[in-house]
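Report on the following structure.
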Amino acid sequence: MMRRLQFLTAFFLLALHVLSPSSMAVAQLRRDYYADVCPNLESIVRDAVRQNVEHSPVAAPATLRLFFHDCAVRGCDASIMLINPDGDDEWRSPDGMTLKPEGFNTVMSAKAAVDSDPQCRSRVSCADILALAARDSVFLSGGPDYQVELGRFDGRVSTVGSVLIPHGTFNLDQLNAFFSGLGLSQTDMIALSGGHTIGAASCGFFGNRMGGDAAMDPAFADQLRGSCPGASAAGFAFLDATTPLQFDNEYYRSLRAGRGLLASDQALYADPRSRGAVDRYADDQGAFFRDFAAAMTRLGRVGVRTAADGEVRRDCRFPN
Ligand code: HEM
């Protein structure tokens with residue numbers, strides 16, 4: 001009887017593991033997934049991203065943010081790239097509309113470069129090209145050169161209604177609730193927020209902070225008012241004012257100095273539950289790089305599709 005019970009328990013656990021869609025999807029991700037069909041994939045994508053980054057300083061931050069917005073909505077399936085004829089798609093949601101064209105263009109040009117190699121043509125998913133392009137954007141800005149897991153399939157669905165993205169007004173509890181919904185920890189969230197070491201935000205995202213507050217460096221408040229004269233929403237400010245194009249740990253040092261741009265950034269230092277991690281990354285860039293790479297890898301596993309519920313899109317903008 002006991003043996004029968006043990007067998008049934010073991011069988012049940014095995015079945016649960018094998019049948020669970022997320023474990024199936026994650027199991028298929030491998031660093032060498034395209035080694036046979038497209039052996040030069042990594043260098044092709046990196047060269048394409050390099051050209052975009054050399055052409056425009058916006059390309060790297062825009063591509064990194066695009067990857068986050070892709071994975072956070074319906075998983076990392078390049079649904080953010082889809083264009084639906086009826087206009088009901090992620091990128092035309094209020095949050096999606098703030099994504100810069102340079103990010104989309106970077107992925108499109110990397111896809112064109114991959115497909116210009118006859119071996120690779122139509123073999124590599126847009127979701128994987130986006131994951132590689134995000135890593136290359138980080139690396140080419142001075143950040144870590146981590147290995148990217150590959151083998152994601154592209155989704156076929158994109159709707160305005162599915163877009164739920166954290167806002168710059170979020171406090172720590174709201175940030176944690178959002179990231180735990182993706183299966184990510186508070187430490188992952190703090191490390192990923194370090195993505196704000198590059199790029200900018202429009203005045204509309206921090207206009208409510210321009211009067212300054214007790215935690216804000218008064219000189220920084222002056223600087224912000226200068227970036228958005230007359231409280232105009234047209235201007236912008238860098239998320240890391242010290243080294244806005246360099247992927248480094250200055251973002252965390254800025255938070256410590258009361259120079260966080262978004263309320264959600266400054267909340268990481270204001271709240272004693274997350275301050276320790278901010279201090280650690282501010283003091284130790286190597287620790288930030290290691291945790292960022294690990295958190296990007298975990299972000300890249302969210303909602304991954306398989307051949308059963310996805311495809312390798314020929315054109316990243318449309319389902320096949
Ligand atoms: C923690 C929650 C997050 C919030 C509340 C948040 C919010 C924002 C906001 C409001 C902007 C400015 C958008 C604009 O002006 O159009 C922005 C920009 C940006 N975000 Fe985040 N974000 C978060 C997490 C992330 C993550 C996880 C990454 C990537 C790892 C990321 C990467 C970026 C980048 C690179 C930019 C600059 C984009 C550019 O210059 O084009 N963000 N974010």
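Cβ from N, Cα, C; glycine included.
Heads up, TrEMBL stuff is auto-annotated, nobody curated it.
Given the structure is predicted, the values throughout are model-derived calculations rather than measurements.
Within the set C38, C203, C228, TrEMBL assigns C38 as the partner of C120, by disulphide bond. Disulfide annotation in TrEMBL: C203 is bonded to C228, selected among C126, C228. Each residue in I198, T242, P244, Q246, F247, N249, E250, Y251 lies on the same chain as T197, D240, T243, D248 and has a C-beta within 8 Å of the C-beta centroid of that Ca(2+) 2 site, without being one of the site residues. Ranked by CA distance from C38 (disulfide bond), the recorded positions H69, V73, T243, C316 have C316 at the top as the closest. Sequence-distant contacts (6 or more apart, same chain, Cβ under 8 Å) of D70 (Ca(2+) 1 binding site) comprise C76, D77, A78, S79, I80, M81, A127, L130. Around the Cβ of T243 (Ca(2+) 2 binding site), the number of neighbouring Cβ atoms within 10 Å comes to 18. Here the disulfide-bonded residues are C71, C76, C126, C228; the one with the fewest Cβ atoms within 10 Å of its Cβ is C228. Checking the recorded positions R65, E90, C120, T197 against ligand 1 with a 6 Å cutoff on the Cβ atom leaves R65, in sequence order.
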